[in-house]
Amino acid sequence: MILNDKRQLFDFFIVVVGTFILAVSVVVFFDANNLVLGGVSGLSIVIKEVFYMFFSFKLPLSLISLFINVPLLILAYFVMGKEFLGKTVFSTLLFSLFLEVASFLPVYKGELMLSSVYGGVMLGVGSGLILRGGATSGGSDLLAYIIHKYKGHIAISKILFVIDALVISMGLFVFGVENSMYAVISVYICSKVIDGIIEGVGFAKAVFIVSDKSDDIAKELMENQKRGVTALKGKGMYTGKDKDVLLCVFSKKEISDVKRRVMEIDENAFIMVTDIREVLGEGFVSYKP
């Protein structure tokens, strides 16, 4: 029970932090430079500018976001149920609040490339933390889930892509081609940062070793590299012989030394190296919620 409480508290904390970072990135980099990203945030920027063009008055970004998100939350409640919403209601309403808070911060109005890069990084960090906390920022995510409910044969990722493409297209007509091109860069950077936060940054390598001298190799790696080694049972289908397949995990900087040590023991060893997104455990990262 205590562990669950700690986990929930940690999730709550990173959702709050992620939502704040997300709001700051939208206000400081995207809205300030007329860069339209996808989703409700991008749509809010477009509506704000169109409203100003016709009425010479700029609506608060927080208010526009709230007006768009609240109907979607209500619709999602009836379509998906209250269990689905959970933390999403909290993060969505908090996002509108933080947009208002961020409006008092100094904004960056300079090179569009810098805005798109730094904005994309911050957007990805914020979105990634929210997802790690088990929530979403609402908006287009909610709409995608609602559409998927009735059109189950269409993947959610494809629905989100269409929604984002439509919003960015609106930005193309309102702010021009150049701003839209920079916005696409931001979206790409954002997606990569989110992947890094959700799946890990790929700092480790898994090594599979097949050798007739597996015992000697395992001893060398355990004693000199100070890494654990696991022997998996395998069979060479060509020779019909049973063999141990050694499995071990190393950091990237250790790989060249590992390969050298293995080849010194058995130059005919078969070595396969593959990327690992995340490693939890002794010698790497301990999991502490």
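Here the Cβ of each residue, glycine as well, is placed from N, Cα and C on the backbone.
Curation plays no part in TrEMBL annotations; they are all automatic predictions.
If you look up TrEMBL, you'll see 12-30 (among others) marked as transmembrane segment.
Annotation comment: TrEMBL describes 50-77 (among others) as transmembrane segment. Listed as Cβ neighbours of the transmembrane segment (50-77) (distance under 8 Å, sequence separation of 6 or more from its ends, same chain) are residues 26-27, 31, 40-41, 43-44, 84-85, 88-89, 92-93, 95-97, 99-100, 103, 138-139, 142-143, 145-146, 174.
Among the features that TrEMBL reports, transmembrane segment is placed at 89-108 (among others).
Positions annotated as transmembrane segment by TrEMBL: 120-147 (among others).
Residues or ranges marked as transmembrane segment in TrEMBL: 159-177 (among others). Same-chain residues lying 6 or more positions outside the transmembrane segment (159-177) and placing a CB less than 8 Å from one of its CB atoms are 34-39, 42-43, 45-46, 49-50, 140-141, 143-144, 147-148, 151, 183-184, 187.
The domain 'DUF2179' annotation in TrEMBL covers 227-281.
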> Taking residues 6+ outside the transmembrane segment (12-30), which of them lie with a CB under 8 Å of any CB in it?
Replying inline: 36-37, 41-42, 45, 61, 87, 90-91, 94-95, 98-99, 101-103, 105-108, 115-116, 118-119, 122-123, 125-130, 132-135, 137, 183, 186
